[in-house]
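Novice: Input: one structure, supplied below.
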Amino acid sequence: MTLQETIIAQLGVKPSINPKEEIRKSVDFLKAYMIKHPFLKTYVLGISGGQDSTLAGRLAQLAVEELRAETEKDYQFIAIRLPYGVQADEDDAQRALAFIKPDVSLTINIKEAVDGQVAELAKAGVNVSDFNKGNIKARQRMITQYAVAGENSGAVIGTDHAAENLTGFFTKFGDGGADILPLFRLNKRQGAALLAELGADKALYEKVPTADLEEDKPGIADEVALGVTYHEIDDYLEGKEVSAKAQETIETWWRKGQHKRHLPITIFDDFWK
């Protein structure tokens, strides 16, 4: 088995999908998890305005609406805006919220918490790089989501999908930390197909993807940071042939990000050797 075949098998990616069927699978998955854990009453997710959180948010809202109708219990979806100061693409985030139609929408600005942490580190002689500060932002957002979930008998939804997981393009214990991943198995173009099926505005899934965590490189596109396009990543995940350069880049990211796909390493683990 080639590395490409191994990765595809591990991430469960299909070469083609039926968007309607995949929507049903994700909604049913979210419903089943909540029913199995009767102490859960809410799902919580941070909404950035990008494709992934927009899709996961809409799926979550559909799931709790169906659960309310079927059980007469007051399940809720809580969407959280988590800007650092003023978000440049706030209009996109508001467009996403209008599409998702969450039961509850909160806005919690993380700037003061992040800047306070960076300032305290500086007092201790630790000068945080812009890149590391970006990771602090991602982790602060997840701290906030878990705080909201903890006060509302909730589970935190993650937006990790196959293209992101393959490249390790997420912050460990930041946006990579969550309870449930309804998009896992889908690549980027498949996620866009689900949003199209759900009737989303094209702007919500044709927008250039960016993590937008670094202040020295505001709005830097994921594809620029990765050195490979999502089209190439998606082709790779669908078992198609890509250029030698793209394959090398993709597989380098896979190896480099292995530690992000595991729980903390124990003496019994050998994947890292």
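The backbone N, Cα and C atoms fix where each Cβ goes, and this holds for glycine too.
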Novice: Do you know which of Thr6, Thr71, Thr210 Swiss-Prot groups with Gly46, Ile47, Ser48, Gly49, Gly50, Gln51, Asp52, Ser53, Thr159, Lys188 in the ATP site?
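Specialist: Candidate in the recorded ATP site: Thr210.
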Novice: Looking only at C-alpha atoms, tell me how far Ser48 (ATP binding site) is from Asp179 (deamido-NAD(+) binding site), rounded to the nearest Å.
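Specialist: That separation, Cα to Cα, works out to 18 Å.
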Novice: Please identify, among the binding-site residues Arg139, Lys172, Asp179, His259, Lys260, the one with the smallest Cα-Cα distance to Thr159 (ATP binding site).
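Specialist: Considering only the listed binding-site residues, the nearest one is Asp179.
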Novice: Please report the Cα separation of Gly50 (ATP binding site) and Glu164 (Mg(2+) binding site) in Å, rounded to an integer.
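Specialist: Roughly 13 Å, rounded to the nearest whole number.
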Novice: Among all chains shown, work out which of the binding-site residues Arg139, Lys172, His259, Lys260 has the most CB atoms within 10 A of its CB.
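Specialist: The residue with the most neighbouring Cβ atoms within 10 Å is Arg139.
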Novice: Let me know the DSSP-derived helix, strand or coil state of His259 (deamido-NAD(+) binding site), please.
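Specialist: Once the DSSP labels are grouped into three classes, His259 (deamido-NAD(+) binding site) ends up as helix.
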Novice: Given the binding-site residues Gly46, Asp52, Thr210, state which is nearest to Asp179 (deamido-NAD(+) binding site) when distance is taken between Cα atoms.
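Specialist: Given the candidates Gly46, Asp52, Thr210, the nearest one is Gly46.
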